[in-house]
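Trainee: Grabbed the feature section from Swiss-Prot, which reads as follows:
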MOD_RES   M1  N-acetylmethionine
DOMAIN    153-254  domain 'Fe2OG dioxygenase'
BINDING   H177, D179, H234  Fe cation binding site
BINDING   R245  2-oxoglutarate binding site
Amino acid sequence: MESFPIINLEKLNGEERAITMEKIKDACENWGFFECVNHGISLELLDKVEKMTKEHYKKCMEERFKESIKNRGLDSLRSEVNDVDWESTFYLKHLPVSNISDVPDLDDDYRTLMKDFAGKIEKLSEELLDLLCENLGLEKGYLKKVFYGSKRPTFGTKVSNYPPCPNPDLVKGLRAHTDAGGIILLFQDDKVSGLQLLKDGEWVDVPPVKHSIVVNLGDQLEVITNGKYKSVEHRVLSQTDGEGRMSIASFYNPGSDSVIFPAPELIGKEAEKEKKENYPRFVFEDYMKLYSAVKFQAKEPRFEAMKAMETTVANNVGPLATA
């Protein structure tokens, strides 16, 4: 099998720009995932985020997780469970309104650090969306405009730790799923593996590369590209050894009232395929309500369910201007 795509974004600024853009295009079309190096985010900042995130888990969350596992009987499993994940998490909201000042137990220095980190990830997310636009033949800013709706995109971070698990064959760190939203940027542990994606019917490891940012595409980009790019099923395996695995996933998603539909330009480019929309038109908030109930099920029935709701969305709605 071909190797997992690792993209050196620094090469976009030189003679290898065309080759690098082609690598991004291939990764989006054939993997739904790629890994970025030389992405412009300070390595010192990433080291500090990793250090303080692991310290926060040890200080504030480790004992709670152990108690929760014990209370649910997950420390003495005898058979496989498919309705729970072996992970400890908390969430930070950045857009349209930040909650980072309200999340309990965070040291002030950690709050400040994560605000800085979120700003850098937001900027990189928008830069990557424009690279996708370029490869798709869409005007610069098209995806960002679609994501804005009447307000701003929904942007937040899930901070996860996957502690050592005594029965990794019986419980996943995170069950297989596709991501509901737009573009997801992941800063993951470079010492402990575990993230896998499904490609051609086989589970493939996403290699932990120091200081890299893993990018994956969500369901909304599959719809907007009319299936040219696909969201891909992925999971996290539980581990028995070490200190556990850190994962910081930031989700740059459409605003709640954003109307999502295949880009007309991409339908036109599919002339040989009868110029038809293969995907529904819907309000992102409606999709999320459905997704929250069936996250760990196949995405195709979600798309079919949204098709049944299409009549509630005006047929002539286009991308709304940014604020």
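The backbone N, Cα and C atoms fix where each Cβ goes, and this holds for glycine too.
Can you walk me through where each of these features ends up in the structure?
Mentor: Mean predicted confidence for the domain 'Fe2OG dioxygenase' (153-254): the pLDDT average there is 95.
Classification of H177 (Fe cation binding site) by DSSP places it within a strand.
The Cβ of R245 (2-oxoglutarate binding site) lies under 8 Å from the Cβ of N161, Y162, G173, Q188, D189, V192, S193, G194, V236, Q239, each on the same chain and at least six residues away in sequence.
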Trainee: Can you give me the residues near the recorded Fe cation site, meaning same chain, not H177, D179, H234 themselves, Cβ no more than 8 Å from the center of the site's Cβ atoms?
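Mentor: Same chain, not in H177, D179, H234, Cβ within 8 Å: A176, T178, N216, S231, V232, E233, R235.
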Trainee: Would you say which of the binding-site residues H177, H234 has the most Cβ atoms within 10 Å of its own Cβ?
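Mentor: The residue with the densest Cβ neighbourhood is H234.
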Trainee: Can you break down the domain 'Fe2OG dioxygenase' (153-254) into helix, strand and coil residue counts using DSSP?
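Mentor: The domain 'Fe2OG dioxygenase' (153-254) comes out at 6 helix, 45 strand, 51 coil.
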